[in-house]
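Input: one structure, supplied below.
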Amino acid sequence: MNLETVVEVMENLAYLANASNLVLYLSEYMHFSPSESANSVTNFMGTAFLLALLGGFLSDAFFTSYQIYLISALIEFLGLVILTIQARSGSLKPPVCEPGSPDIPCQQVHGGKAAMLFLGLYLVALGVGGKEATLTFFNYFVFSLSAGALIAVTLVVWIEDNKGWEWGFGVSTLTIFLSIPVFLAGSTFYRNKIPLGSPLTTICKVLIASLLNTCMPRSSSNAIASMSTSPSPTPLSEEEIATGNGKDTKSSHESPSESLKFLNRAVVNKPACNILKCSVQQLEEVKIVIKILPVFGCTIMLNCCLAQLSTFSVQQAATMNTKLGSLKVPPASLPIFPVVFIMILAPLYDHVIIPFARRVTKSETGITHLQRIGVGLVLSIVAMAVAALVEIKRKRVATESGLLDSTKPLPITFFWIALQYLFLGSADLFTLAGLLEFFFTEAPFSMRSLATALSWASLAMGYYLSTVIVSVVNSITGDSKHKSWLSGSNLNQYHLERFYWLMCVLSGLNFLHYLFWATKYKYRSRGPDK
């Protein structure tokens, strides 16, 4: 295991230990309702993933990945210090109360205490986002993610539930602090990429130039001749881009392709200003990225389903019997099942499944990236159906036991919730790794940093979408005669099964949407077997 992998494991441990259990911290110690806790967690995690785009942009345009990692680690460390101090001091949290007790009503965190909470959380999100943009990808990225998560959802979550959240945050703080010297120890082995500009700049330039040139009269002297008959330019190789040789000198004499023809206006007329001058090569690279975007968009719904594992699934488990013999298992430790499964499946995928698929399909990759993403999307549909059925069973037990209005643990094991973790964990393995590989192989070399960052953007949008759906559902289903599906302080009063069925239907529609784009997509270089 090299130093970079060690750093990734430590980073994932620090982040996931808190993210997996945060929904209970917000509801039990900060006195948010279950739905408000869920939305706060999805907003926090969505922001962390979205900020990976910012980290990628800064490392491409201004700083090296090495510098971005160090800055981000220090920011995350500061956020964890703030959260540790707040968790340690009773005066910085709302007064302790008993849920459902009329004598001491629970007071939700507000004012300066809420500001301190969210300052700490979003400093962590900023730090995590910057570091995620610099880490490696594909199956062994998933393996490192799982290794960190395994420690996070067992040891650290147990510490949070049994020793106190100040100890849990403290372990994460210490882990991030120690990851910095480990990272620095590998400085001599890192190859730093010199910032050459962000692909976002190129994309914006092409789009703006195309829009402005649409409003300008076409000049025949500046028009590119034979646009419809000339061949499309061949993307530059990595060596040619690195050395500045090859087709760059010829790109201005080539004609753009006919696909996404409306963008060709970016190179037809003389630009209004020199800063908007685009080469045909830049135009074609932007077209490739735009063709990838529909596939990226179809993974957002899957990530919305994944968001439930950090929110309502943990809250469901907390209402159930969490004992394993004489051991009381923290509800947030349930992700151990998909984590172990992923740690086993990720190496098996490379060394067993792919070689077998190659022999069966007679193709180089065995299973295409789009097929891998599709398998993950199907598994997400199954997962939401299973989640709905398990919630129906949980509510039935609560009703039959007379505990529907109680906060006491229900006489049903929380291992039932493990089913949705297992299905969604498998869906995540197939889709996330498939998406990263798809973007990396299909995107032009100069755009690859953006393409991988888009995977984090998909996660961010999925978590934000969860917040939107929960809010919309509560808004539509609640009126003067009926409570909203997801309102109140007692999860047993929620219609969570209806919410899961809704997610199942939306995931099914999303899969049909994905099939439309996947069947239309043509691989860039080697055809459908790539």
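Along the chain as shown, the residues are counted starting at 1.
Even glycines carry a Cβ here, placed using N, Cα and C.
Quantities reported herein were computed from a predicted structural model and do not represent experimental measurements.
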Per TrEMBL, which of 165-186, 187-208 is transmembrane segment?
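In TrEMBL, residues 165-186 carry the label transmembrane segment.
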Given a Cβ distance threshold of under 8 angstroms, which distant residues of the chain, six or more beyond its ends, lie next to the transmembrane segment (373-392)?
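Long-range Cβ neighbours of the transmembrane segment (373-392): 295, 298-299, 301-302, 305-306, 308, 313, 316, 416-417, 419-420, 423-424, 426-432, 434-435, 438, 496-497, 500-501, 503-504, 507-508, 510-511, 514-515, 518.
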Would you kindly list the residues that approach the transmembrane segment (412-441) from elsewhere in its chain, counting only those six or more residues past its ends and only Cβ-Cβ distances under 8 Å?
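Contacts with the transmembrane segment (412-441): 137-139, 141-142, 292, 295-296, 299, 302, 305-306, 308-309, 313, 316-317, 320-322, 329, 331, 334-335, 337-339, 341-342, 345-346, 349, 369-370, 372-373, 375-380, 382-384, 386-387, 390, 393-394, 397, 448, 451-452, 454-455, 458, 524, 530.
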Between the stretches 68-89, 109-128, 165-186, 292-312, 332-352, which wins on the count of C-beta pairs under 8 angstroms to the transmembrane segment (498-517)?
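That would be 292-312.
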Any chance the transmembrane segment (68-89) and the transmembrane segment (292-312) have 3 or more Cβ pairs under 8 A, given the pairs are 6 or more apart in sequence?
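The transmembrane segment (292-312) and the transmembrane segment (68-89): touching, no.
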